[in-house]
There are 2 protein chains.
Amino acid sequence: MGVSSRQKIEVSAGHPYPVFLGANLEDLGDYMLSRFGNIEQALIITQPVVAKHYADRVRQGFKGCRVDLVTVSAGEGEKSLARLSALVGEAVRLGADRLTLVVALGGGVIGDLAGFFAGVFMRGIRFVQVPTTLLAMVDSSIGGKVAVNHPAGKNLLGAFYPPLAVWTDFSTLASLPWQEVQNGLAETVKHAVLGDPDLFAFLEEHLSKILERDPLILRELTARSLAVKVRLVSQDEREQGVRALLNLGHSFGHALETATEYEGISHGRGVSVGLVAASRLAEERGLIAGADVQRIMNLLSGLGLPISVRGLEAGRLVQLMAADKKNRFGRKVLILPRGIGQAVQVEDCSDEDLRRAWAGVIDSNFPIS
Amino acid sequence: MGVSSRQKIEVSAGHPYPVFLGANLEDLGDYMLSRFGNIEQALIITQPVVAKHYADRVRQGFKGCRVDLVTVSAGEGEKSLARLSALVGEAVRLGADRLTLVVALGGGVIGDLAGFFAGVFMRGIRFVQVPTTLLAMVDSSIGGKVAVNHPAGKNLLGAFYPPLAVWTDFSTLASLPWQEVQNGLAETVKHAVLGDPDLFAFLEEHLSKILERDPLILRELTARSLAVKVRLVSQDEREQGVRALLNLGHSFGHALETATEYEGISHGRGVSVGLVAASRLAEERGLIAGADVQRIMNLLSGLGLPISVRGLEAGRLVQLMAADKKNRFGRKVLILPRGIGQAVQVEDCSDEDLRRAWAGVIDSNFPIS
């Protein structure tokens with residue numbers, strides 16, 4: 001795919017930055033070096049398997065500039081303060097300083113970890129997001145949120161630290177395991193439900209092509225999905241209003257991830273179940289028709305995503321939700337769908353409401369993995 | 001001292017904030033609660049000895065608001081990721097959330113640690129600096145720099161995260177150990193040398209009153225000293241220009257602190273020796289007269305501050321300076337005095353220049369402590 005097919009979408013935040021779609025990994029260095037001066041070192045932070053496939057393609061673009069590579073193993077467990085500390089030691093050993101550009105090459109874990117590293121190393125150095133998974137492309141690379149986990153909660157330590165740019169090369173999707181594609185699809189369904197009914201219909205219509213991983217369809221749904229996020233983030237970078245709608249399904253999903261200690265259930269699968277729980281709660285309140293909840297469940301199931309979990313206890317999950325960052329004045333803040341294509345924030349859910357919502361998705365007939 | 005004597009100086013940064021001088025600890029809560037809405041909890045982060053003297057005075061002002069206290073023991077060693085992690089666990093246990101106000105009650109270590117905690121907890125919650133040491137009053141509480149140390153370097157992980165306000169109650173100076181007062185005096189001499197010749201003359205003139213810890217003189221030098229910092233920070237919050245002048249003596253001083261692993265030599269004493277090393281280098285380059293270097297050394301000595309160290313090796317110290325955050329393109333960036341009252345940034349010092357500067361302050365006749 002040539003340069004001519006490169007699309008650019010601007011995120012208009014406090015520090016505006018461009019999102020490039022259909023870009024080539026090989027062209028990143030040239031773009032960064034010509035657009036931003038004073039880059040002395042490109043420090044690629046990635047995972048071993050991603051490095052194997054793509055590091056050389058990134059490296060060749062940074063001509064006349066030192067390029068170093070640090071790999072961290074895969075998994076949400078890597079998003080820790082211990083890993084951050086090790087990264088700092090490695091970076092200093094490799095001569096990183098204020099003129100280093102961090103290249104976050106990988107999925108959501110790498111983007112969050114490398115972004116937070118860039119945000120706090122020497123009080124902040126420059127970085128670029130290079131998402132290689134569908135989840136990172138449609139969601140986590142956009143919006144400037146970076147973080148690491150803590151035993152007391154997911155993403156508990158972080159910052160709003162926007163990248164200089166987001167650089168998306170669709171060719172990286174080809175080598176992605178199907179379960180990774182599913183993670184991105186869960187966020188895409190979420191974006192459709194909260195902000196784009198046409199995207200929802202598109203997903204329903206092209207379900208079989210998505211399952212075949214048709215590149216053009218994947219590209220189209222990526223562009224539409226991330227457009228929903230770009231729109232909300234541009235209106236409200238610091239999440240004091242509409243950006244919170246993006247948390248649809250996440251208060252439930254995070255509790256699931258915490259309950260399984262970040263390893264048992266992937267982010268996308270947590271969001272999928274969370275979306276169902278939120279939809280059922282919304283139905284109970286008359287915010288969404290039962291038929292639409294059924295459409296959401298059908299689409300998620302059709303994509304091979306879970307709509308229920310087993311082996312977990314509703315009361316425990318309600319407790320875990322009490323630690324959610326979005327809570328205010330001790331009240332649970334939840335995002336619920338209003339039909340398909342809109343969402344609202346509610347603050348009056350009781351623990352009993354939540355317990356019922358959880359009970360509705362805890363089932364022994366639908367194993368989670 | 002009544003409310004009527006409260007002075008206010010505005011720091012005009014990206015997020016402007018007021019510095020109150022001569023305020024009362026008891027009045028902080030009322031000010032914060034009436035000025036900033038939605039504070040559900042005040043989380044005082046402090047050290048045991050400071051808590052004993054002052055926590056109740058702070059606590060009584062926060063009426064109708066939950067107040068919790070976390071203490072961390074004294075010392076630069078507390079400014080670590082491990083301590084940050086423990087703090088996060090404590091905060092969650094105490095129910096901290098986005099409506100928590102962090103009260104950084106203490107010296108520079110507390111301000112840096114609690115400020116960094118506030119900056120990254122849940123991607124940033126509000127905080128107020130309540131400096132209780134002279135060093136924190138004249139220097140570290142102003143300017144929004146927060147950080148923790150890393151084995152690979154001092155303040156290597158941090159952020160620019162300005163407080164909502166700085167609240168200075170001079171009564172806390174009365175109980176301060178003399179060595180702590182000296183730490184603040186070292187920064188005050190530095191501020192005088194780099195930006196206020198009248199302050200330098202004031203310090204020389206009132207040397208005996210300073211040694212007697214005359215409260216009015218201490219108050220006056222604090223106000224003048226922090227005014228130098230407020231002026232530079234307001235011009236250049238992110239340290240891309242004039243703010244760097246505040247690093248006078250610090251590139252040398254940090255190397256000393258690192259060489260002694262943060263425990264052997266206090267920040268102020270490191271700055272004092274660093275100021276002499278920088279002055280000698282400046283003299284060698286014709287930037288400052290020998291007589292003025294002598295005035296600087298006389299003033300520091302008069303205040304009981306060290307002007308040399310022993311038991312350290314110049315070559316090792318030069319090596320440690322290579323890791324300084326201010327270096328660019330592998331070149332050492334140094335601030336040198338130009339006479340008394342001005343400073344300049346230079347980037348052309350060789351390792352040999354630095355070695356000579358270090359050799360000039362390494363001496364067996366002046367024990368450091």
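Along the chain as shown, the residues are counted starting at 1.
Cβ coordinates come from backbone N, Cα and C, glycine included.
The record from TrEMBL ties B:GLY108, B:VAL109, B:ILE110, B:GLY111, B:ASP112, B:THR132, B:THR133, B:LYS154 to NAD(+), and of the options B:LYS145, B:LYS190 it ties B:LYS145 to that site too. The record from TrEMBL ties B:HIS250, B:HIS267 to Zn(2+), and of the options B:GLU187, B:GLU313, B:GLU347 it ties B:GLU187 to that site too. As a summary of secondary structure, the domain '3-dehydroquinate synthase N-terminal' (B:70-182) carries 47 helix, 33 strand, 33 coil according to DSSP.
Using the Cβ center of B:GLU187, B:HIS250, B:HIS267 for Zn(2+), the list of other same-chain residues with Cβ within 8 Å runs, in sequence order, B:LEU135, B:ASP139, B:ASN183, B:ALA186, B:LYS190, B:GLY249, B:GLY253, B:GLY268, B:GLY270, B:VAL271, B:GLY274. Spatially close to B:ILE110 (NAD(+) binding site) yet at least six residues away along the chain are B:ILE45, B:THR46, B:GLN47, B:VAL50, B:VAL72, B:ALA104, B:ALA136, judged by Cβ distances under 8 angstroms.
Computed over the domain '3-dehydroquinate synthase N-terminal' (B:70-182), the whole-number mean pLDDT of the model equals 94.
Each residue contributes its Cα atom, and for B:HIS250 (Zn(2+) binding site) and B:THR133 (NAD(+) binding site) these two points are 19 Å apart. Across the fold, the C-alpha of B:THR133 (NAD(+) binding site) and the C-alpha of B:HIS267 (Zn(2+) binding site) stand 13 Å from each other.
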